[in-house]
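According to TrEMBL, the features are:
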type	residues	note
DOMAIN	1-248	domain 'Deacetylase sirtuin-type'
ACT_SITE	His122	active site, proton acceptor
BINDING	Cys130, Cys133, Cys155, Cys158	Zn(2+) binding site
Amino acid sequence: MQYIDKIKEIVRLLKESQKTLALTGAGISTESGIPDYRSPQTGLWEKHDPIKTASLSALKKDPAQFYAINLERWTAYNNAKPNPAHYALERLEKTGLLLGVITQNIDSLHVKAGSNRVWEVHGHLRTCHCMSCKAEHDFSNLAARFKGGENPPRCLKCSGILRPDVVLFEDRMNEDFFQATQVISGCQLLLVVGSSLTVYPVAGLPGVAKQIVIINKTPTPWDEEAAVVINESAGRVFRDIMAELGEQLPGELGNTAENH
Ligand SMILES: [Zn+2]
């Protein structure tokens with residue numbers, strides 16, 4: 001199938017489906033300047049073994065080192081801005097074509113783009129909490145104190161160690177994940193965007209959907225089951241989907257050809 005025919009087929013499936021969800025991963029955020037740490041080009045994980053650096057045991061064993069390794073990257077996530085793919089998913093939700101977004105990303109970009117129903121199954125970086133008294137604080141508070149030389153950043157109430165509200169290795173899955181497993185029940189169309197579908201348990205979710213569309217730069221284990229597979233950047237694909245639907249993206253985003 002030619003690229004444009006794939007776009008038309010996705011639009012047809014979207015209009016036909018009574019219950020559509022999106023499942024997004026790191027690939028949707030690369031155009032926002034966030035590297036996909038699993039892609040062979042950047043290979044962030046080849047430098048830092050995630051089991052050692054972003055795990056609960058690493059945080060407990062040496063919180064100062066945990067923050068020294070992870071906080072710069074997380075601060076960059078929080079400074080990133082949504083791209084056309086995030087805004088397109090927000091538009092699809094508002095127009096009633098999409099129920100919501102299940103995301104593996106912790107960068108809050110779906111929330112920033114204005115999506116209302118977002119299940120952040122690996123957590124997010126808007127808040128953190130104290131590992132001793134459980135008090136919740138803004139993540140910006142943690143980041144500011146780290147920047148000011150306080151490492152590890154500590155709870156304002158009890159001086160306990162703070163931890164971000166992300167799902168670390170060795171953590172159990174969060175409430176959003178359990179909600180996602182329920183909301184995906186009866187899903188007629190799942191748009192997989194920027195996920196290579198290799199991280200479990202999220203990688204098992206497509207099995208619940210009646211039909212799958214995969215928009216990812218590299219092949220996934222679900223490609224054979226998918227109705228449409230497009231190995232292109234999410235931003236390009238969603239600009240074309242929105243154009244085919246006759247929907248505008250906010251501001252200049254939908255119209256890059258005339259925008260320099
Ligand atoms: Zn505390």
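The backbone N, Cα and C atoms fix where each Cβ goes, glycine too.
Note that this is a predicted model, so its numbers are computed, not measured.
A map of TrEMBL features onto the structure.
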residue : record                       : Cβ contacts under 8 Å, 6 or more apart
His122  : active site, proton acceptor : Thr103, Gln104, Asn105, Ile106, Val166, Val167, Asn174
Cys130  : Zn(2+) binding site          : His137, Cys155, Lys157, Cys158, Gly160, Ile161, Leu162, Arg163
Cys133  : Zn(2+) binding site          : Cys155, Lys157, Cys158, Gly160
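For the recorded site, Cys130 (Zn(2+) binding site), the DSSP three-state label reads strand.
Listed in sequence order, the residues Met131, Ser132, Lys134, Ala135, Arg154, Leu156, Lys157, Ser159, Gly160, Leu162 complete the 8 Å Cβ shell around the Zn(2+) site centroid, once Cys130, Cys133, Cys155, Cys158 themselves are left out. Of all the binding-site residues listed here (Cys155, Cys158), it is Cys158 whose C-beta has the fewest other C-beta atoms within 10 angstroms. Looking only at the domain 'Deacetylase sirtuin-type' (1-248), the predicted model's pLDDT averages out at 93. Taking a Cβ distance under 6 Å to any atom of ligand 1 as the criterion, the recorded positions His122, Cys130, Cys155, Cys158 reduce to Cys130, Cys155, Cys158.
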